[in-house]
Amino acid sequence: MQKPISLLLLTTLLISSFVVSSSANFYQDFDITWGEGRARMLDNGQLLTLSLDKASGSGFQSKNEYLFGKIDMQLKLVPGNSAGTVTAYYLSSQGPTHDEIDFEFLGNLSGDPYILHTNVYSQGKGGREQQFYLWFDPTADFHTYSILWNPQLIIFSVDGTPIREFKNAESAGVPYPKNQPMRLYSSLWNADDWATRGGLVKTDWSQAPFTASYRNFNANACVWGSGASSCSTSTGNSTNGGWLNEELDATSQERLKWVQKNYMIYNYCVDAKRFPQQFPPECGIN
């Protein structure tokens with residue numbers, strides 16, 4: 001006679017089954033949300049492309065909502081004269097007090113570097129911009145852009161190299177994204193009123209259509225559904241390499257410092273013109 005499974009074991013098995021590690025099939029993981037045919041899934045769902053022309057851009061979103069996770073995606077950005085275009089890749093919830101974790105790639109004239117723009121919104125408040133150049137040509141090949149989001153911190157990484165760390169600063173009165181599940185979104189759109197040199201350089205529509213490409217999506221993440229998260233701290237530790245409690249080790253801290261010393265071009269935490277009285281409280285922690 002088969003022994004009954006204990007309630008604790010059954011709960012553990014159910015929780016473990018919902019810690020999603022999904023990869024590389026865009027049909028299964030994403031919905032194209034706008035663009036009237038300008039967004040395409042190719043190669044049996046292994047490749048996704050977004051295009052922009054004068055009439056419209058395009059975009060997609062994840063089928064799942066996540067509450068904490070490690071998200072990876074490989075992108076190849078718009079080549080050539082991409083001035084005026086923005087390729088956005090971000091996690092976001094909805095509503096006026098939404099949370100958001102942003103990568104935005106600001107196009108530029110041929111030969112000039114892309115600007116990687118990052119931001120973190122919590123409870124509807126953003127304004128936490130850091131911007132970087134990259135140490136490679138992001139249009140020549142695919143590169144991996146990652147968001148690690150756990151209750152302690154958010155880490156933005158490029159090809160496994162951390163470029164930004166945003167720590168939970170609730171102890172200083174700063175709201176932290178931890179209660180609102182977020183979908184992953186991406187879009188390619190025209191922002192020539194601000195994207196390149198503050199809007200001085202406009203989009204050259206003779207170069208259209210502009211195209212960005214995506215592959216190798218991977219999510220080790222807790223899925224939100226029916227009003228509850230699908231995993232626990234213990235699950236994150238045991239099945240996902242500890243990402244739910246992950247922090248930067250000494251080597252990663254040094255790599256972060258290297259990027260910020262050599263490639264950071266804007267940091268709101270040192271913008272005295274913008275904050276003449278005092279810097280935001282999270283700046284002392286981050």
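Our numbering is plain: 1 for the first residue shown, then up by one each step along the chain.
Note that Cβ sites are derived from N, Cα and C of the backbone, with glycine treated the same way.
Note: TrEMBL annotation is automatic and uncurated.
Database features (TrEMBL):
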type     : residues : note
ACT_SITE : E100     : active site, nucleophile
ACT_SITE : E104     : active site, proton donor
DOMAIN   : 20-214   : domain 'GH16'
CARBOHYD : N108     : N-linked glycosylation site
SIGNAL   : 1-24     : signal peptide
* **Within the predicted model, mean pLDDT of the domain 'GH16' (20-214)** => 95
* **the residue listed as 'active site, nucleophile' CB neighbourhood, other CB atoms within 10 A** => 18
* Asked: Counting only residues 6+ apart in the same chain, whose Cβ is under 8 Å from the Cβ of the residue listed as 'active site, proton donor'?
  -> V86, T87, A88, Y89, Y90, L116, H117, T118, N119
* What is the Cβ neighbour count of the residue listed as 'N-linked glycosylation site' at a 10 Å cut-off, with all protein chains included? -> 20
* Reported as an integer number of Å, what is the Cα distance between the residue listed as 'N-linked glycosylation site' and E100 (active site, nucleophile)? -> 25
